[in-house]
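Asker: Got a structure for you, written out below as structure tokens; questions coming shortly.
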Amino acid sequence: MSEVTTAEFNEEGKYLRKIRSFVLREGRLTKGQAQAIESQWPTMGLDYSPVPLNLSEVFGREADTVLEIGFGMGASLVQMAKDAPEQNFIGIEVHKPGVGSCLSDAAIAGVTNLRVYHHDAMEVLEHAIADGSLARVQLFFPDPWHKKRHHKRRIVQAEFAELVRRKLKIGGVFHMATDWEEYSEHMLEVMNAAPGYKNQSADGTVVPRPDHRPLTKFEARGHRLGHGVWDLMFERIA
């Protein structure tokens, strides 16, 4: 378990350093995950460098690019890439078994429009992604840090909202989802106060799950048990 705190920014909102908003649980790789990393990383893996990516070179084309922070085991990200071959997808995940699982699923699905980082998302966003380059940023089911004294560790804070805004194109969307209602309220408070965004909800709250976000098995089970999931979508307007 690693030390966990929040990111820090200077007065201009530039990322300075981070103490992670996640707990590192590395876990053991299965044979299949290890094989997928070995075989698929040369084509789908992105090695971190503090230089902005040239997306047209990375994907070999000009297309809208979607970036997902913390894709877990990657099943929904692979499904999204398969369902939208006209878009480019980049996933960031710190847990190596998740990276291996994602690459394995992507190879089986035959997707060619997906690239993956095994690195800290804050560093990737600040240094490896050009400003104004993304059509959508996705943050699905981040750690809610339930205890009040841990709320400062939540990734959705004012400074993070500004970092995401800088990376989005005008008209690009920051899409969040959580199964913890209190965290959805926190997200809503942060995002409604964040300059340069417009809530895509007609009533200024949450939105129905959009078709582009697959329903996960965990989520479907939660629905059957009466558990809620809250989606928030904010468009960059300035």
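In case you wondered, yes, glycine gets a Cβ from its N, Cα and C as well.
Keep in mind that what you see is a predicted model, and the values were worked out from it rather than measured.
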Asker: Kindly point out which candidate in Glu86, Glu93, Glu162 is recorded by Swiss-Prot as part of the S-adenosyl-L-methionine site with Glu68, Asp120, Asp143.
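Answerer: Record check against Swiss-Prot: S-adenosyl-L-methionine site with Glu68, Asp120, Asp143, extra candidate from Glu86, Glu93, Glu162 is Glu93.
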Asker: Where Swiss-Prot shows Lys147, Thr216, Lys217, Phe218, Glu219 binding substrate, which of Asp131, Asp179, Asp203, Asp231 is named for the same site?
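Answerer: Swiss-Prot lists Lys147, Thr216, Lys217, Phe218, Glu219 binding substrate, and from Asp131, Asp179, Asp203, Asp231 it also lists Asp179.
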Asker: Taking just the CA atoms, what is the gap between Asp120 (S-adenosyl-L-methionine binding site) and Asp179 (substrate binding site) in Å?
Answerer: 23
Asker: Across all chains shown, how many C-beta atoms besides its own are within 10 angstroms of the C-beta of Phe218 (substrate binding site)?
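Answerer: Excluding its own Cβ, Phe218 (substrate binding site) sees 12 Cβ atoms within 10 Å.
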Asker: Per DSSP, to which secondary structure element type does Glu68 (S-adenosyl-L-methionine binding site) belong, with helix, strand and coil as the options?
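Answerer: In three-state terms, Glu68 (S-adenosyl-L-methionine binding site) counts as strand.
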Asker: Among the binding-site residues Glu68, Asp120, Asp143, Glu219, point out the residue whose Cβ has the most other Cβ atoms within 10 Å, with all shown protein chains included in the count.
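Answerer: Buried the deepest by this measure is Glu68.
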Asker: Here are the binding-site residues: Glu93, Asp179. Which has the lowest count of other Cβ atoms within 10 Å?
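Answerer: Lowest Cβ count within 10 Å among the binding-site residues (Glu93, Asp179) is Asp179.
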Asker: Quick check for the class: what is the C-alpha distance, in angstrom and rounded, between Glu68 (S-adenosyl-L-methionine binding site) and Lys147 (substrate binding site)?
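Answerer: That separation, Cα to Cα, works out to 25 Å.
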